[in-house]
Each structure stands twice: as structure tokens, then as C-alpha cells.
Amino acid sequence: MIWKIFLVQEHGRSRKLSKIWVINERVRVGLAESLSTYVMMVFGLGSVAQVVTGRGAFGEYLSVNLGFGLGVAMGMHIGGRVSGAHMNAAVSFSMCLFGRLGWRMLPVYILCQLIGSFLAAGTIYSLYYDAIYHYCGGNLTVSGPKATAGIFATYPAPYLSLPAGFLDQVIGTAMLLLCLMALSDQRNQPAPSGSEPIAVGLLVLLIGVSLGSNSGYAINPSRDLGPRIFTAIAGWGPEVFRAGNGWWWVPVLAPMVGGVTGASIYKVFVELHHPSPCEHRREIEDEAEEEAAPLDMQKNLSPEVCV
């Protein structure tokens, strides 16, 4: 059974509560993951649309970084306790590989992330339809001075080769997963409870302002592929897959490699070297004894000596 409707008795009659509980795990997770990704992408793509169509009057490159960073934070608030709000196929794949998510859930996560990002692209296209057509004169192009496809998906800078772009995406996603592993490591220095969304949002902002200029720091197959498919359907055509020497596959494959790389680095350099729970408890007890030792010595002194 997927849906469960609660009933209550009121004056001898049953009435439906305005609450429907979804008890199927995949449905609950899928709904939360779709909505989280949708919200993140609406804020992120919306910030790009404002900068591009406003010709810099309504923001600049930092605005895009802030839009995606805060969008990630809001997405985590929406689905964090239900699906984990991965909003990123590279994150979901890495979590499966390291045993933190069942493989049977991976197709659900990826599909729902793509749906959320596709719908977000449609929302921003509808919202900025007039602005886009006014900006480009009705000519929807992928490259050139009035290109607008970059509002929705990422494209490499003119100087960037495919190998360099692949490395760019690997390193950016590796930094993302490395830091995400640290922020969630309860035996190290995790983000304080309740502050995880803003911590991850700041992490995405940091990656954007430091590693984003080469190719728009997609670092997320779901973020890039869904809107790219939308633009192919909405009027930009198959050129969205041919541009940049066939760039489209780089932000799909490279983040997968980078995510596993970053998570592995953290595990090898830090997580595997944590003391066992018993040793950790013993260390805490020893530290407590050392801190209490001066107080115990002071208690044993006579009043005359203490004066």
C-alpha cells in the first residue's frame, strides 16, 4: 500500500484529516528528492537568467554562485531528513559505492533528480521567456555574443580543451565530496546539528568562486543533463549536445569519477584512521582524568597550604 489516509471520529462521524501519509519508502524519497532538486535549480538557474538577460544590471558572476549556494541550502531544508537531499547523481553514486545508500535506490535518486532539474528549467524558461527573447531577438543560440543556452546548462570556456575540462569537473566534484564526507563525519569535526544546509551551501559557494570559471562548475550530472535535454526540446535543438566539441558528456561522467575520488581520499587519509569506539571512549576518559587531576590535588591540600 502506498497511501494511507488518517480518519478521526467527530460527533460520531468519520472525517478525513488533511494529511496523507506515504508509507512506501521509494515514493517518499523520490518526492522529497525531486522537490529538493527543483528548488535548488529554480534558484540557481534563475540567478543565471537574471545575470544574462539583465546584461549585468541585475547581478554578476558572484550572484550565480550565491544563487546556487543558497539554493542548495534551501533544497537541503526541504528534503534533508527524508532523502538526504543529495540533488546530485555523483553524490548518490558515491554514497552507494561506500555503503551509505542501497544500490536499489540509486535509479530512484537519479530519475527524480533529473525530473526536478528538468521541471526547474521549464519554470525558469517560462518565467524569463520574454526576457530571453528580448535579449537574443528571438534567435535561440548555444554560442556567440547573444547565446542563451548557457542559462540552463554548462558549456566550456573557448580556451578549454576536453581533457582539461574533464579534469576541471573531476577536481571540482572531488572537493565537493571530500568536504561533504568531512561535514558528515561524526567522529571528526562535523557541521553542528541543524547547520548542515548552510554549511553545504557555503561549500558550493566556495567551489563556485574558486573553481567555476572554466566551465561553470556543474559538478553534478543531474544539474546539467536535465536542463540540457529541456533546451534541446524547447528550441535550441541538438546543438546543445554538439557544442564545445561534444561537451555534454563531460559534466555527466567526470563528476561521477570526481565524487568517488574525493570520497576515497577522505576515507583513506582521515576516516580509516579514526580510533575504534572503545579507544575513542578511553581517550575521552583519559583526557577527563587529566583535566580533573589538578582539582583533585587542590582538594587534598590543607586549608593552610591553599591560603
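Positions of Cβ are set from backbone N, Cα and C atoms, glycine also.
The transmembrane segment annotation in TrEMBL covers 35-54 (among others). Sequence-distant contacts of the transmembrane segment (35-54) (same chain, at least 6 residues past either end, Cβ-Cβ under 8 Å): 60-61, 63-64, 66-68, 70-72, 74-76, 78-80, 83, 85, 87, 112-113, 115-117, 119-121, 123-124, 127-128, 131-132, 134-135, 148, 150-152, 222-223, 226-227.
Long-range contacts of the transmembrane segment (61-79) within the same chain, counting only residues at least 6 positions beyond its ends with a Cβ under 8 Å from a Cβ of the stretch, are 32-33, 35-37, 39-44, 46-48, 50-51, 85, 87, 196-198, 200-205, 208-209, 212-213. The annotation transmembrane segment is assigned in TrEMBL to 61-79 (among others).
Note on the transmembrane segment (108-128): residues 26, 29-31, 33-42, 45-46, 49, 53, 83, 86-89, 92, 101, 151-152, 221-223, 225-227, 229-231, 234 of its chain, located 6 or more positions outside it, place their CB under 8 angstroms from a CB of the stretch. The transmembrane segment annotation in TrEMBL covers 108-128 (among others).
Per TrEMBL, the feature transmembrane segment maps to 166-185 (among others). Residues 88, 90-91, 94, 160, 191, 196, 199-200, 203-204, 207, 211-212, 214-215, 217-220, 250-251, 253-263, 265-267, 270-271 of the same chain lie 6 or more positions beyond the ends of the transmembrane segment (166-185) yet place their CB under 8 Å from a CB of it.
The annotation transmembrane segment is assigned in TrEMBL to 197-219 (among others).
Residues or ranges marked as transmembrane segment by TrEMBL: 246-266 (among others).
According to TrEMBL, the feature region 'Disordered' maps to 283-307.
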